Each structure stands twice: as C-alpha cells, then as structure tokens.
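Taken verbatim from TrEMBL:
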type	residues	note
ACT_SITE	H70	active site, proton acceptor
BINDING	D71, V74, G76, D78, S80, E92	Ca(2+) 1 binding site
BINDING	P167	substrate binding site
BINDING	H197	heme b binding site
BINDING	T198, D242, T245, D250	Ca(2+) 2 binding site
DOMAIN	29-322	domain 'Plant heme peroxidase family profile'
SIGNAL	1-25	signal peptide
Amino acid sequence: MAAAVRCLLTVAVVLSPLLAGGGVAAGGPLSTSFYSKRCPSVQGIVRAGMASAVAAERRMGASILRMFFHDCFVNGCDASILLDDTPTFTGEKNAGPNANSVRGYEVIDAIKAQVEAACNATVSCADILALAARDAVNLLGGPTWTVYLGRRDALTASQSDANANLPGPGSSLATLVAMFGSKGLSPRDMTALSGAHTVGQARCATFRDRIRNDANINATFASLRQQTCPQASGDAALAPIDAQTPEAFDNAYYQNLMSRQGLFHSDQELFNGGSQDALVKKYSGNAGMFAADFAKAMARMGAISPLTGTQGEVRLNCRKVN
C-alpha cells in the first residue's frame, strides 16, 4: 500500500508554457529547454543541493517551498525575496510575513555557488528557486512536475508589496479566494496549494488566536497546542502544521481539516461549511488527486509574471543586484 501511495504521489505533470496565473511576460515564453545547451547540468546541481539540505534537516524542504510561494506572490517569481536590505534599499526579507519566518536563504546561496561554478552568469536565482521548490516537495515524498525555465531576476523588491500580497494565517475563505484569484489562481488551485501545509513548522504567534478563540477546532487538539503556545509568551515556539506526518508530503493535511485540526484559522476555513468542503473531502481520501492538482497548481504559480528576455538580469549573487 505504501508503495502504491508513493507511486501516486510521484506524478509528472507537463503543462503548456502559456500557463494561467500571470501567463508569460513580454520578452519571450518560459521553456523546458532554456538551459539545455548553456547549462545542461543545472537541474542535477539543484537536485543534489536540495537532497543534501533535506537530508540534513527535513524541515528545510518546507522552508524552501514556502520561500518560493512568498516570492511568486509579490510581483511575480523574480527572486526579489532573496535581495538583502542595504543602507539605501529596503527589500522583502523583513516584511511582516517574512521576518523571523522565511528561512533557507543559505541553501539557495550554496546551490547558486555550485551553478555559477558550472555555468557562470547563466542561470537566474529565480529559476534556481523554482527548481529547488519542486525538488523540495519531491524529496519529502510529494509529486514532481516539469519546471518551465527562463525567468530573470528582479532589480528591486518591495517590502510594502510583501506586506500587502501575502495572505495571513487569520484569513477568511473569501480573502483567500480573492488573493489567489488576483494572481490568476482558481479556488481549486488555492485549496491544492494550501496542502503545502502538510509539511513544516509554525510559530506560536501565528496560531495562538486560533487555538484559544476559534469555535471550529477539536478541543483535544487545541489543548495540546496550548501546552507549548502560552497566552502571553513564547511567540517563537514551534509546532508542526500537520501533526500526523509533519515531515512527509502527503494528504494528511486534508484529513486534519475534516477533524477540525487545522493549525491556522485560514486552514480550517477550507473546511468550514463553505465552497471548498467537497474538494477537501476528495483530497483527504485520494492522495493521487491531491498530488496531481498540487503539481499543476505549482506550475501555474511558477508562471506568475516572470521577467523574461531582456527584463531584469541574471544575478551573480542572489542577495544583491549586479
């Protein structure tokens, strides 16, 4: 049975480069063969780097996946999240949703160094992050998909846009549908992408309100989480978002929602008498359906407003513009 589930979860999804969710920016489409001549080893280098990072700490897979989401939702998948603040520039790293939260920058740095050694000034940080997120999911037992390449790196970043464009853990279903919709992603895409919460850890500050004030929560689960998330302290204390299988990319997240054990208010909104209840129920009982939908939605998200052609640049160091 376990082998069958693994087989279901390792689905390859091949999509048109003209993807929904921002489509292809002016300057040329993304392509599966973008680096086939100029840097044919890039995918193997990224995979090896992610395999090493996940072997050292499985949570890092979830962290890199989240970094990609936080990049794409703020002015497109352009590696703007990777830019460090300077005395004259304020980037996205210290925006509310990212500060003391997004992690794994050093993993991308290490992979970028390996890629530069093989193919100098050729592969963008944006493409490296897109590949790393795909490999992170697969290395944790989730699906794989074809990543279209050819993104270029942003020359700037916006802390205010990061604060405005990333849905928070207290979001309502209507807010989630609207915010994903503004990126060209459907409610089904949103519900599938939320399944990324089947892996990773969350800080007490992001779910303290939920475990004390929400009515649609399993009482035993709330009590368990309250033990490590006090009312007035411990903001940084961590808890697994999916308590069943916190380090495995599977469909347990949806089973948790059906038993009212979503860690975030925004999670439980997907199964709370609303429009996504039926889909949550389907995903909870069909790992293959979830894996396929997640892969398709990730490919769509990866096509949100890329910089292509002569737009942006290929950074030599992901943390700063050339």
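Every residue, even glycine, has its Cβ placed from backbone N, Cα and C.
Cα proximity to D71 (Ca(2+) 1 binding site) (within 10 Å) is found for none of the binding-site residues P167, H197, T198, D242, T245, D250. The residue listed as 'active site, proton acceptor' sits 9 Å from G76 (Ca(2+) 1 binding site), taking the CA atoms of both as reference points. Over all protein chains present, the Cβ of P167 (substrate binding site) has 18 other Cβ atoms lying within 10 Å. Listed in sequence order, the residues of the same chain lying 6 or more apart from V74 (Ca(2+) 1 binding site) and placing their CB within less than 8 Å of its CB are S80, I81, E92, A157, S158, D161, A162, N165, L166. Counting other C-beta atoms within 10 Å of each candidate's C-beta, the binding-site residues E92, D250 are led by E92. When pLDDT values are averaged over the domain 'Plant heme peroxidase family profile' (29-322), the model yields 97. Rounded to a whole value, the Cα-Cα separation of the residue listed as 'heme b binding site' and T245 (Ca(2+) 2 binding site) is 11 Å. In sequence order, V199, Q244, P246, A248, F249, N251, A252, Y253 are the same-chain residues whose CB sits within 8 A of the CB centroid of T198, D242, T245, D250, the residues recorded for Ca(2+) 2 being left out. Cα separation, G76 (Ca(2+) 1 binding site) to T198 (Ca(2+) 2 binding site), rounded: 24 Å. Remark: of the binding-site residues D71, D242, the most isolated position is D242 (fewest other Cβ atoms within 10 Å of its Cβ). Counting other Cβ atoms within 10 Å of each Cβ, the lowest count among the recorded positions H70, H197 belongs to H70.
By the criterion of other Cβ atoms within 10 Å of the residue's own Cβ, the least surrounded of the binding-site residues S80, T198, T245 is T245.
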